[in-house]
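Enquirer: Here it is, the structure in full.
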Amino acid sequence: MVTAAASTSQVVGDSDFVVADITLADFGRKELAIAEKEMPGLMSLRDKYGQEKPLQGARIAGSLHMTIQTGVLIETLVALGAQVRWASCNIFSTQDHAAAAIAKAGVPVFAKKGETLSEYWSFTHSILEWSGEQGPNMILDDGGDATGLVILGSKAEKDISVLDNPSNEEEIALYASIKSKLSTDKSFYSRIKKIILGVTEETTTGVARLYQMQKNGELPFPAINVNDSVTKSKFDNLYGCRESLVDGIKRATDVMVAGKVALVIGYGDVGKGSAQSLRGLGATVMIAEIDPICALQAAMEGYRVVRLDDVVEEIDIFVTATGNFQVICHDHLIRMKDEAIVSNIGHFDNEIDVASLKSYQWENIKPQVDHITLPSGNKIILLAEGRLVNLGCATGHPSFVMSNSFTNQVLAQIELFKKGDSYQNNVYVLPKHLDEMVARLHLDKIGANLTELSKEQADYINVPIEGPYKSEQYRY
């Protein structure tokens, strides 16, 4: 269970921040220097736009895992002229040395590994709280919590009863945080909502929330869906998870993956990368899917496609990757074999019904690793309390693949900040030529040399020599 981290530093002056240990800043700065060498997309944007400063005047509220790679993103936004306030989008994902380095550089950061839910929502509020009457005019989000906070808070200003019936611990903390803010500032959220020019959203779960708001007519500003840029979803979600999933599992448990039976629930891009990683280390991998197309893809790759109900007692390693909730429910959990490893690489902790386990005996083995005794007497190993295993138990995706994602984020922030008035309150994706530009920026680093079309070849397939090369409908 989460308890507050023991050591927190807070300084108020030219910059306010909350981090676990500011003395870790020098260590963080050394790792930032290494990461910069692995993030050619972001560094190219600094070179290209550093003099122009297209984000001058942007006040960005950032809610995204406070990692070393995110530190490079933050400093790129600042180099391009933005003011930034930052919180993590997950209670376990912060790398404390990264937070310290960015805070020491003068950026207000509110993040530490092992936040309580109350702290989490307090920190998310902190990125919305700017000096004077100012608030953020841009949101950079991962999972939709910052965006959702502004919108739910605005609803609560008009009708406080929307906060009357929290359904879980997360909502209890969220609703209490909103009520506390409204007790001192009754128009806080609506003021912020009016000045937001747009939001850029990093991940599948947050994008789903945005499309639902659009469908319901509740999206109050334009949004760019960064997740569905090809250079994000087909790289971060697939190749990033292929490396970081097993990193998290092995750091947490030290188990031999070879010879184990693993079940990946969900075979989207995240599930595909997760399945590859487990198979690559010698596990027998099964897939559970609701989508017939994804299920057929899995079967054609040689995976056995199964129902969780039919195989739950056989599985050594469970990985959820769906973006849905309670895909592993209480009935599944109590049937698991002794020492089964249970993990999630989707966004939220409700993919696994962790709440239903609270009445059982928990033994904390080390941070983010818990032994839970079931009624059968079997014990399961729950990783990161059902939150993101790759960030809770390891350090997330490698720098190079995050450079793809974060280059898209910077381009999306520039687009909405400079041209937000030309967008309706809908969800958009970046155009194909920018997607291809992001890819180009990363080729030299890995020694990839592009072939060039002749004019005759370009004319034959009816594309410009310099691209874009594919239609918007093309599926990579």
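Glycine is treated like the rest: Cβ placed from N, Cα and C.
Pulled these features from Swiss-Prot for this protein:
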type	residues	note
BINDING	Thr67, Asp142, Glu202, Lys232, Asp236	substrate binding site
BINDING	203-205, Asn237, 266-271, Glu289, Asn324, 345-347, Asn390	NAD(+) binding site
Enquirer: Using CB atoms and a 10 A radius, I'd like the single residue among the binding-site residues Thr67, Thr205 with the highest neighbour count.
Expert: Thr67
Enquirer: Spatial neighbours of Val270 (NAD(+) binding site) among the binding-site residues Thr67, Asp142, Lys232, Asp236, defined as Cα within 10 A: which are they?
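Expert: Within 10 Å of Val270 (NAD(+) binding site): Asp236.
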Enquirer: Among Thr67, Asp142, Glu202, Lys232, Asp236, these being the binding-site residues, pick the one whose CA is nearest to that of His347 (NAD(+) binding site).
Expert: Asp142
Enquirer: Just the number: how many Å between the Cα atoms of Thr203 (NAD(+) binding site) and Asp142 (substrate binding site)?
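Expert: Here the two Cα atoms are 6 Å apart.
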Enquirer: Specify the nearest of the binding-site residues Glu202, Lys232, Asp236 to Gly266 (NAD(+) binding site), where nearness means the distance between Cα atoms.
Expert: Asp236
Enquirer: How long is the line from the C-alpha of Asp142 (substrate binding site) to the C-alpha of Glu289 (NAD(+) binding site), rounded to the nearest angstrom?
Expert: 24
Enquirer: Can you give me the Cα-Cα distance between Lys232 (substrate binding site) and Thr205 (NAD(+) binding site) in Å, rounded to a whole number?
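Expert: Roughly 14 Å, rounded to the nearest whole number.
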Enquirer: Would you mind reading off the Cα separation of Thr205 (NAD(+) binding site) from Asp236 (substrate binding site), to the nearest angstrom?
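Expert: That separation, Cα to Cα, works out to 14 Å.
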Enquirer: Fewest other Cβ atoms within 10 Å: which of the binding-site residues Asp142, Glu202, Asp236, Glu289 wins that one? Let me know.
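Expert: Each of the binding-site residues Asp142, Glu202, Asp236, Glu289 was scored by Cβ atoms within 10 Å; lowest is Glu289.
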Enquirer: If you measure Glu289 (NAD(+) binding site) to Asp236 (substrate binding site) at Cα, how many Å is it?
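Expert: That comes out at 21 Å between the alpha carbons.
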Enquirer: Return the residues near Gly268 (NAD(+) binding site) by Cβ distance under 8 Å, restricted to its own chain and a separation of at least 6 in sequence.
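Expert: For Gly268 (NAD(+) binding site), the qualifying residues are Thr204, Asn237, Cys294, Ala321, Thr322, Gly323.
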Enquirer: Kindly assign Thr203 (NAD(+) binding site) to one of the three DSSP-derived states: helix, strand or coil.
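Expert: Assignment for Thr203 (NAD(+) binding site) reads coil.
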Enquirer: Spatially, and counting Cα to Cα, which of the binding-site residues is closest to Ile345 (NAD(+) binding site)? Options: Thr67, Glu202, Asp236.
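Expert: Smallest Cα separation from Ile345 (NAD(+) binding site) among Thr67, Glu202, Asp236: Asp236.
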Enquirer: For the substrate binding residues given in the record (Thr67, Asp142, Glu202, Lys232, Asp236), what is the largest pairwise C-alpha separation in angstrom?
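Expert: Max span of the substrate binding residues, Cα based, is 17 Å.
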Enquirer: Counting all other Cβ atoms within 10 Å across every protein chain shown, which of the binding-site residues Lys232, His347 scores highest?
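Expert: Result of the Cβ crowding comparison: Lys232.
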